[in-house]
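Contents: one structure, followed by commentary.
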Amino acid sequence: MYDQVPYRDTDEATPQIKNDASDSNRSSIDTTSTTSLILERLHREDPDDSPGEYESSGPSQRGKPDEDDDLEIGRAARLKPMERKVRRAMYLLAFLMIGGWFLALAVYVSREHFGTPDTAHDPSATATRKAGKKITLNQVMRGAWRSKTHGIQWINGPHGDQDGLLLTQNSFGDGNFLEVQDVKNDSNTIVLIKDGALQGSGQPVSAIKGWPSSDLKKVLVASDHEKRWRHSYNARYWIYDVEKATTEPLVPSEPEARLSLATWSPKGDAIAFVKDNNVFIRQLGLDLTSEYYSVTQVTKDGGPDLFYGIPDWVYEEEVFSGNSALWWSQDGEFLAFLRTNETEVPEYPIQYFVSRPSGNNPPNGLENYPELEFIKYPKAGAPNPVVHLRFYDLKKKEDFAVTVENDFPDDDRLITEVVWSDGKYLLVRETNRESDVLRMVLIDVSARSGKVVREVDISAIDGGWFEVSKNTRYIPADPASGRPYEGYIDTVIHEGYDHLGYFTPLDNKDPILLTKGQWEVVDAPSAVDLKNGIVYFVATEKSPIERHVYSVKLDGSNFRPVTSTSEDGRYDVSFSKLSGYALLTYEGPGIPWQKVVGTPSGDQSFVKDIEKNQGLATLAAKHELPTFHYSTVNIDGFDLHVVERRPPHFNKKRKYPVLFQVYGGPGSQQVSKSFSIDFQAYIAAGLEYIVVTVDGRGTGFIGRKARVAVRGNLGYWEAHDQIETAKIWGKKGYVDKKRIAIWGWSYGGFMTLKTLEQDAGRTFSYGMAVAPVTDWRFYDSIYTERYMHTPQHNQEGYRNATISDTQALSKSVRFLLMHGVADDNVHMQNSLALLDKLDLASVENYDVHVFPDSDHSIYFHNANRMVYDRLEQWLIRAFNGEFLKLDGLKPIREISEPLRKRNRELV
């Protein structure tokens, strides 16, 4: 139905090894191939009769007589004799070629090191020419190919007027534990904590993390970290006095207390913390008779079902991507915090068969039973946690709520962002449960009132949704600089693309448009220079698969690139507090690097190298790396980006197997011009398979029209785009269209199964799905309903998105399913439900591997290495045709007896 698809292949290549003008140092692969051709000519009747690697696995693949593949007879018994002189000449030539091959091999082996190119990485080359070491899976798994990056935390000086200060934390034995560096002058370094091995309350304290107060006189220190969920943890907290070099517990009355969160006030005179799901505040420097009374308990009814100041599981995973749900006002006089009531949220049991994450010993007689952890997990359509915003007035010592006019009902409200102004106002971003109606709420904490100042129904505009955003930037009033009113910068939709809008005053619903065009801003804005009225941001203006830094004035004028767009590049950036400096991270396509640079807001001539990744460059120079070829495919009018990873010494005359790697989640992106030697690169370079990734409809940065097309019917268009792209690749002369596979993890696992189901064996022969969603009714409500609505509003869509067509799955040659038993994100229930469907339908063309006590990342007890070992070995078996032999298996006796009978007849 979809065989004829328009295709635009720019064949833009980004290889990992520089081209060499000479072929004299090529791998012995080419010579071996030449020798094999000569020997094959001596014993071949028809050049086209020799089967390829895949076809040789069985006579049914070619329709030839059974004798063609008989291991004891072979075709040689029926070949015609050659003329004697010709045969002698051919043998002589063959022996000369073999001798030359052995001589070349001896020279190659005797060399002290592998041939290397002139540079480690040349994005302009199109093929690997020189020989080098092979990439190994061990290298990839231990992180040898990961670039080094340094996360810099920019901070203000003690008085807030010093720019270019950064906070650096080092590992034990690697310099000062915590220090403040001046990027302009290394001699101005301020050592906050010299050694992370501290003493507190007469006991040793091993610091794992430190946060200085704004005046740099004290440091909040965490120790004894215990992981909770993906982003959260419990720890013991301490206050370190920099001048006195003393350490005291944050909670004086409970030095052993484990807290879920602790954070400084902006002025450094108080710390808010969460213990047992309640909010507390410790005020410092008070003239009190007892340190104990400096701690105020703000809330008192927190417990297993009621959270204050920290998110529950679903808000941590899908909204805040962190462990904090409290926000200090900029003057430190108010504290806003989230109240989360999950009383009505159903529980899901997580089973641990090997370990006991709770740390508790089981009761006598129950040692052999698994440990159960019950998590409040709202699945699609189930009751959500009910959230409210509450406030604490530190001067009046009052805890209060604010009534918002025209607010969402409790069961239809998501609070996704809170931003304080300079004064007593704050902005609250809310959406309805299905994330397609946005309301920006302005709250006056002095008047204790709130109102909706902006409402957008995106479902009426393009049928799409709002993603969770945490990049709203408050802009204070400054009449002298042309800003008479307060305002904020937010992402807005303009002509089908995400852009920046400046809303001023705070209650204005019509923005000043700062950017526009058929491209999108990314997590913007990155910084705002208030003194000069400059907004900095990252965007895709040059290409959806690149990232460059740009700037624009607050009035929308003077749009310009900050990084050079004359060359391909993917950049990330973080700015100093006054925007005069930036940590610029170049992620590829060449060897990544990091520099601190001066910005247009400061001294643009300033450059300081932070990381050159010289070790990675040396490693790349010694290895044969795949080449990366970027192109687009046009499917149903959408230009979709593709990256093809080709093996070193790619030969277009060969027939290569192809592996498609997929994620495909809404708003995601896999195809990008970044340096990445990962599992996919290993498959291409180490196993010499082609690996293709295509970002289909639903993915990000190609406009909302392509993105929102998947709403309400996840999997259909995404799988369609994978299949159509695979058909295009199957027509390429260097691709073996009978050996095409697909694999993915999480949403990519769902995409793998959905693609196999929709394709029904016509294009993809194999698939490997790790931790897949198989029924969206099993996944969490906030994520799922954003893209699918609720099951109550979209029953047919949920049925269509479920992996349920077992007969279609049975038409692929074989697929692999893997899952962590203790997955708290994509529950094992997904894979078990699919296995039950396969059992009922008597479908058996699959393999399964489960990992006890592993969560969604699958790490417990060497599990992560096992995942990739299994993927590699299973893929080799698939492309070697081994799974084709599993169909119609017979006992060895039934096979060997006809062979013996036939051999007797030939004697």
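Glycine too: its Cβ is placed from the backbone N, Cα and C atoms.
The feature compositional bias 'Basic and acidic residues' is assigned by Swiss-Prot to 1-11.
The annotation N-linked glycosylation site is assigned in Swiss-Prot to Asn185 (among others). Counting only residues at least six positions away in the same chain, no Cβ atom sits under 8 Å from the Cβ of Asn185 (N-linked glycosylation site).
Positions annotated as N-linked glycosylation site by Swiss-Prot, on the basis of sequence analysis: Asn341 (among others). Taking Cβ-Cβ distances under 8 Å and a sequence gap of 6 or more within the same chain, the neighbours of Asn341 (N-linked glycosylation site) are Asp305, Leu306, Pro385, Val386, Val387.
If you look up Swiss-Prot, you'll see Asn800 (among others) marked as N-linked glycosylation site, on the strength of sequence analysis. DSSP assigns Asn800 (N-linked glycosylation site) to a helix in the three-state reduction. Sequence-distant neighbours of Asn800 (N-linked glycosylation site) (same chain, six or more apart, CB under 8 Å from its CB) are Asn713, Gly715, Tyr716, listed in sequence order.
As annotated by Swiss-Prot, region 'Disordered' applies to 1-71.
Per Swiss-Prot, topological domain 'Vacuolar' is recorded for 110-907.
Taken from Swiss-Prot, the feature transmembrane segment applies to 89-109.
Mean model confidence of the topological domain 'Vacuolar' (110-907) amounts to 92 (pLDDT, 0 to 100 scale).
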